[in-house]
Amino acid sequence: MPSYSEHEPWGLGGGRVASRDLAVGVISLSQTVVGILGNFLFLYQNVTIQLRGHRLKPLDFTLRHLIFANILALLSKGPPQTVAAFGLRHFLGDPGCKLVFYVHRVAAGVSFSTTCLLSVLQAIMISPRNSTWTSLKGKAPKYVGFTLYLCWILHLLVNTFVFTYVSGKWSSTNTTKQKDVGYCSITRLDTITATLLAAFLSPPSTLSFGLMTLASGYMVFTLYRHHRQVRHIPRTNRSAGSPPETRAAQRILALVSTFLAFYMLCTIFVTYMLVFNHPSWWLINISSLMRSCFPTVSPFLLMSPDTCVSRLCSACCRRNNLVPNQVRKL
């Protein structure tokens with residue numbers, strides 16, 4: 001139990017709040033506010049472009065789903081953690097805990113799948129005319145909407161297990177079988193159940209992880225090859241500043257690297273929380289803060305008055321002699 005001094009601030013529940021809890025609350029609140037503002041700002045930028053008369057492209061449609069998933073992830077994780085850190089730990093109850101955990105898992109899963117789809121779409125977009133991906137340029141846009149809605153449906157169905165294993169701290173469930181995870185608790189799983197659940201949930205994540213890694217690697221390879229080809233062009237025939245494909249590669253690498261870094265860190269923290277029956281205060285709170293990092297950072301990596309996709313198209317279309325109509329479809 002944390003020790004409180006007479007100088008500790010009072011919390012929402014009427015008791016004193018430890019300084020470390022107050023620090024977590026402030027960080028969580030700041031993270032949520034910045035993330036929500038960033039996602040809405042990117043969404044406003046995206047909608048404004050459409051209102052100016054530009055047709056909504058599959059890539060823009062995918063980004064909107066990513067932003068919506070980010071907002072849900074932030075709202076289902078940030079406010080509960082902030083309120084709990086400020087001293088009101090039993091405010092959700094059993095139904096509230098189940099709903100909050102369920103929404104967050106669905107939003108995080110959709111964010112993962114949408115980021116994977118975004119990488120694949122960009123890889124298809126910049127593929128050379130003589131590559132095996134050329135046939136997908138005209139077909140891929142037709143299935144983007146169906147794929148996105150299918151991702152939502154699958155994650156809504158798969159994550160229903162949350163309603164069985166998550167409960168509030170004041171639940172009537174046997175407390176000896178419960179594991180404290182902050183403002184809620186989860187049921188301790190036996191080895192067989194945990195193994196079966198992991199085997200059920202791992203394949204989709206592994207597949208998305210592999211596709212995103214391969215698509216991103218292909219993009220980097222294609223852009224690097226293009227950079228080597230245009231390097232021999234005299235500087236007088238090139239525009240000043242960094243080549244557009246270089247700026248595009250940097251933005252793609254930043255987005256994917258950020259996602260992969262936070263995904264691996266979250267996986268490590270979640271694994272430790274599942275292994276230990278009584279996870280430490282630091283493990284619980286750092287894990288919660290880590291899960292909100294990508295939804296907070298991603299819109300700022302994507303926002304730009306001249307997006308990486310447009311730069312990428314303008315550079316690669318000239319080299320690959322792509323048909324303009326094919327590029328507009330993406």
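Cβ coordinates are placed from backbone N, Cα and C, and glycine is handled just like the others.
What TrEMBL records for this protein:
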- 38-302: domain 'G-protein coupled receptors family 1 profile' (DOMAIN)
- 22-44: transmembrane segment (TRANSMEM)
- 65-86: transmembrane segment (TRANSMEM)
- 106-126: transmembrane segment (TRANSMEM)
- 146-166: transmembrane segment (TRANSMEM)
- 206-224: transmembrane segment (TRANSMEM)
- 252-275: transmembrane segment (TRANSMEM)
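When Cβ-Cβ distances below 8 Å are used as the criterion, the transmembrane segment (106-126) is approached by residues 58-59, 62-63, 65-66, 69-70, 72-73, 76, 133, 136-137, 140, 144, 147-148, 151-152, 155-156, 158-159, 204-205, 208-209, 211-212, 215-216, 218-219, 222-223, 252, 255-256, 259, 263, 291, 294-295, 298, 309, 312-313, 316, 327, 330 of the same chain, each at least six residues removed from its ends. Same-chain residues lying 6 or more positions outside the transmembrane segment (252-275) and placing a CB less than 8 Å from one of its CB atoms are 112, 115, 119, 122, 179, 181, 189, 194, 209, 212-213, 216, 219-220, 223, 283-284, 286-287, 290-291, 293-294, 297-298, 301-302, 308. Beyond its flanks by at least six residues, the transmembrane segment (146-166) meets 61-62, 65, 97-98, 101-102, 105-106, 109-110, 113-114, 117, 184-187, 189, 197, 200-201, 204 of its own chain at Cβ-Cβ distances under 8 Å. Over the domain 'G-protein coupled receptors family 1 profile' (38-302), the average per-residue pLDDT in this prediction is 79.
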